[in-house]
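K.L.:
Starting off with a structure, shown below.
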Amino acid sequence: MKNSLFFLFLSLFTFHLSAQNAVFENGVRKGILKFKLKTELIAGQNESTSKLDLLLQSLDVEKREQLRSKITKHKGRNLKRLFPRSTNASLENKHKKHGLHLWYTLDVDESSTILNLIEEFSALSIFDIVEGFYEKKLTNDGDYKMLTDKEIKTFSMSNNNYFNDPFLGQQWNFHNTGQLGISPSPADINMYAGWDIQQNASDIIVSIHDYGVDVNHPDLQNNIWVNEAELNGTPGVDDDGNGYIDDVNGWNFREDSSGVIPHFHATHIAGIIGAENDNGIGVSGIAGGSNGTGVKMMTLDWLDSFNVGMSYVYAADNGAVISQNSWTFGVPDLYEQSTIDAINYFIIEAGNYAGSPMKGGLVVFCTGNDGADVVMWPACYINVLAVTSIGADSKKADYSTYSSWVDLSAPGGHGIFIGDTTAVLSTMPNSSYGYAGGTSMAAPHVVGVAALVLSKYKHHITPLELEFSLRYGANNIDQYNPGYENRLGSGLIDAQKALDFLSSSNDSSSFRKNNSSVEDEIELTVYPNPASSEFKIYSEEYLDGEIRIYSTNGQLVTSHKVNSKVSEISVSDYKKGLYFIKIIDKKGKSILKKILVE
Ligand SMILES: [Ca+2]
Ligand SMILES: [Ca+2]
Ligand SMILES: [Ca+2]
């Protein structure tokens with residue numbers, strides 16, 4: 001009971017913060033606009049001149065007067081960079097390479113309708129993009145149930161689990177023996193067989209973009225990312241020179257401070273990915289390892305902040321290679337290009353350091369709990385993995401957002417709105433445990449398995465190959481979900497098959513030759529993409545080898561011999577959807593590409 005009151009207090013507190021900071025109208029925040037400039041505005045850093053004046057000075061007379069009158073009309077003021085200048089010169093240069101320095105925010109009249117302003121400012125043809133701040137929401141906003149003392153006592157008596165964690169027997173999502181008495185088909189991610197293959201993930205950093213993870217939870221504390229320079233450094237000093245002072249475990253972007261505030265949503269997600277295994281307490285986690293071999297989780301507390309994009313930039317700049325996201329924009333079809341730009345930064349720049357497990361990053365999103373076939377951003381973005389939720393019976397949960405753009409299904413439970421025991425059991429703040437459900441809980445299953453796969457194949461796998469391995473062997477659940485065919489992604493993720501993907505024991509053995517390096521990738525272009533009747537593969541060098549086309553769950557659809565610079569592949573009789581193309585030459589070089597057939 002004490003715990004419940006604590007959480008009630010926490011959620012009231014965070015709600016208050018969000019209410020205080022922002023007023024939204026139709027999913028768009030009042031009082032602020034974002035611009036992307038066409039070129040760099042401020043060459044010199046003359047701080048005595050306001051950025052607004054610099055912007056005006058940079059325009060010709062006619063444009064200047066047009067913009068000035070708009071700014072006056074809408075009380076525009078306080079122009080500043082959306083992605084603040086990094087105090088670290090090499091990071092700042094990297095950010096510039098991706099155009100992040102071109103994004104600015106402008107405060108405007110609180111009473112103006114932002115959508116009208118976007119139209120007015122866009123019409124000036126001064127900016128590359130004009131957009132607002134769209135509302136973002138957690139996909140489980142507070143439905144959870146704490147374990148009761150009686151449950152803790154009963155579960156603790158079970159000692160027949162894969163690990164000695166007392167609650168593992170209740171984690172049907174990992175290993176479903178029909179604990180919940182649910183038929184027809186007990187669903188799980190085949191984790192016990194997966195753990196037979198791989199348990200260690202200590203060299204993988206996962207970033208959790210959410211509220212705060214309870215970094216002191218006894219079942220999580222050994223698997224929290226630690227910035228050693230700050231841990232052993234001087235308080236109040238940016239010891240590693242990354243632009244953030246005392247960022248020991250991550251950053252609180254809401255308050256721009258190093259102190260993250262533990263929240264049920266982020267803490268529950270962290271437990272699914274990486275609660276410590278075989279430590280004799282609580283739950284098990286997919287990539288939790290034991291005795292310090294678990295995944296390293298970075299906590300990025302940003303929800304309600306206007307600066308979501310910075311969390312991706314921070315994650316990529318500080319070592320994360322897999323990004324966990326259980327949030328969506330507030331309204332279907334809406335998205336911010338600035339946020340997508342930041343996600344792209346992570347996809348390209350993550351792992352760009354000596355000894356990193358993978359060059360580039362994998363970004364995983366939940367699909368949302370709208371219970372409909374709608375377009376939810378950022379999950380629907382083709383360069384991220386979108387995960388929807390099923391219950392312990394392999395059926396799509398009622399709340400799950402489903403669509404042709406979904407990539408995978410994973411357990412999230414049926415119990416979101418009643419917070420009951422059919423949901424997922426994991427860690428909660430204040431050293432406790434509880435049930436929560438939703439697509440929020442499905443996405444971290446994919447992240448956890450991804451961390452294990454990446455740890456097994458580090459240095460020998462690209463982000464796209466990692467994605468393909470996760471889809472590989474996903475179990476088709478159409479038979480349990482009539483009416484939702486092709487709208488639950490590749491199917492239910494299977495940890496064992498994902499981990500087996502690159503091993504020599506199956507057909508994919510030549511997918512990447514043992515020990516071949518990702519530097520051996522063939523350079524080529526696949527176009528047009530999306531394709532309707534055919535696509536072409538163009539290579540700078542003469543290509544002598546094989547083209548294989550796979551379905552999204554890893555089944556070989558067809559293969560072609562290739563012996564030229566340009567190859568043309570007809571797809572007119574293909575079903576619409578996503579395919580993977582593997583091109584392998586006779587020297588053992590290869591590359592994986594994704595193509596959408598429309
Ligand atoms: Ca620092
Ligand atoms: Ca410090
Ligand atoms: Ca444990």
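Just so you know, glycine gets a Cβ as well, placed from its N, Cα and C.
Here's the feature list from TrEMBL:
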ACT_SITE  D210  active site, charge relay system
ACT_SITE  H265  active site, charge relay system
ACT_SITE  S440  active site, charge relay system
DOMAIN    202-468  domain 'Peptidase S8/S53'
DOMAIN    526-597  domain 'Secretion system C-terminal sorting'
SIGNAL    1-19  signal peptide
K.L.:
Looking only at DSSP and grouping its letters into three states, which state does D210 (active site, charge relay system) belong to?
P.N.:
strand
K.L.:
How many other Cβ atoms are found within 10 Å of the Cβ atom of H265 (active site, charge relay system), counting all protein chains shown?
P.N.:
28
K.L.:
Rounded to a whole angstrom, what is the C-alpha distance between S440 (active site, charge relay system) and H265 (active site, charge relay system)?
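P.N.:
Each residue's Cα considered, S440 (active site, charge relay system) and H265 (active site, charge relay system) end up 8 Å apart.
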K.L.:
In angstrom units, rounded to an integer, how far apart are the Cα atoms of H265 (active site, charge relay system) and D210 (active site, charge relay system)?
P.N.:
8
K.L.:
Using a Cβ-Cβ cut-off under 8 angstroms and a sequence gap of six or more, which residues of the chain neighbour D210 (active site, charge relay system)?
P.N.:
L138, H263, H265, A266, I269, T299, L300, D301, W302, L303, Q324, N325, S326, W327
K.L.:
Give me the mean pLDDT over the domain 'Peptidase S8/S53' (202-468), rounded to a whole number.
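P.N.:
Within the domain 'Peptidase S8/S53' (202-468), the model's average pLDDT equals 95.
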